[in-house]
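J.: I have a structure I would like to understand better, so I am pasting it below and will then ask my questions one at a time.
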């Protein structure tokens, strides 16, 4: 048989002995030829008889020789069949107290993993028998009590989600083995669940009633948790399930004011108390077997929300909205209902005092805490009302930041749901305001949130873009000096080209170019500065790019660093006349000339030289002692 996963600490499987054996399993299919079906069928009576004879003739030392006489059987299969089924010395009866005590002692010595070693100390028992005996009976952590209803419920829900993966289910029930859970399900629970409806009614009662029709939750609603004594508006009746304390306002209830900025928000942000957060966790935890069904219903609700907002160009409210800080009824058109009917829903009634929270937050239905119940509200009304409620300080902060964001982020919560461990497949529709917005439905592809965004071709093929400051500088340059000219590169005549450019700019600006300083050309002086020992990078640049074919003279003359102290940035050749405003700016970047040395170098003082160079009496004595100590040893080669 195929191997089963071994993840539970109470698993009764072992990697070296997984094949279940029976004394006479001769009812299986006949062996099939081919490597694919090698050893996949049960042993026949003829194969067992032949294996017994071969063991009597050849012994149990070389199973490969025996396997040669049994087609479609390997040496390992022959060995396991003999040791676990056909061996006459194998004990298949009940375990004695002495054997149980021996197993306990050996497990304490070798641990609950080395079953082959443990089996060698028990004559007539194999490792699989010892393992199953320990996990099913002798392990002190294994529960031997009767099954409780809570354990049955866990098994029922886990089996609906995982199927016959008993090792995974055993992780949810500490103290129960996968084999015990499997036996309990097959012998008792499956019949009671399938035929008698066991645990099905209690499971439905414990789960929130979100399996209602699409008509009930496919609309935007402004609602609150109404106490049981609240009166429902006469215009309509509650929809499918009376557990919901909110009702839809019929389209006949017309109110006159105008809501300028309708925004879709999650209802639980506004009027769901904090204790209801636990209900949300129970709604959407990973163990919920109806999670997929809930997701589909939320997708349908989002589709309805989009259609309703598209149909609403102006959402009226009552005339005294600005004077009253509370909530008011709004007329919401539902275009998604198949028969045109409108299920009534109650909104918050008008009050001239601060609205009071429900007395019993725990009585709030779990359905009202769903993050997909949305509502339309007035911006100023929301801010004025929420500021009066200290219990909703966090709500105020969220709404204020939400309403002040750009229109591009109004549908952030609906377009970007929280990531789950499994990508959700569905069409998420955007919810936008009906004012100055494109009403085109935006459909997301499957698992779009987990995919790398596509790069536009224009970005890949476009030319490099010039930064804005450079654009302004180039524009000013073109206005002042004319359009830029692209000249061919002439590396061999670089010096001549630079001299021409400097001379041309100097002539245009009215300044005579000074090409000679102390009888030395300026460019040669520049190259000497770059060749200075303080700038090795300039040395590399000049040696590679300033060597011209036409330069036949020695360009790099030996010059002292003091002679090159004036900086080329202060030279008048490179400075063009500028206006007074520009001159003030450029002065900040002008490097001042280096100050010359005040006086020539003077000889050091004798006392200072003796102290700094180690010529004092103490230093001379220490140096002499060190030399004597070192000279006492012979010269040795340093071995690394």
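Glycine residues also receive a Cβ, built from the backbone N, Cα and C atoms like all the rest.
Okay, these came from Swiss-Prot:
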{"type": "DNA_BIND", "residues": "63-86", "note": "DNA-binding region"}
{"type": "DNA_BIND", "residues": "115-138", "note": "DNA-binding region"}
{"type": "DNA_BIND", "residues": "166-189", "note": "DNA-binding region"}
{"type": "CROSSLNK", "residues": "503", "note": "SUMO1 cross-link"}
{"type": "CROSSLNK", "residues": "527", "note": "SUMO1 cross-link"}
{"type": "MOD_RES", "residues": "534", "note": "phosphothreonine"}
{"type": "REGION", "residues": "375-396", "note": "region 'Leucine-zipper'"}
J.: For the region 'Leucine-zipper' (375-396), what's the mean pLDDT in this predicted model?
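T.: Per the prediction, mean pLDDT sits at 47 for the region 'Leucine-zipper' (375-396).
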J.: Could you check what DSSP calls residue 503 (SUMO1 cross-link) once collapsed to helix, strand or coil?
T.: helix
J.: Let's check the environment of residue 503 (SUMO1 cross-link): how many other CB atoms sit within 10 Å of its CB?
T.: 14
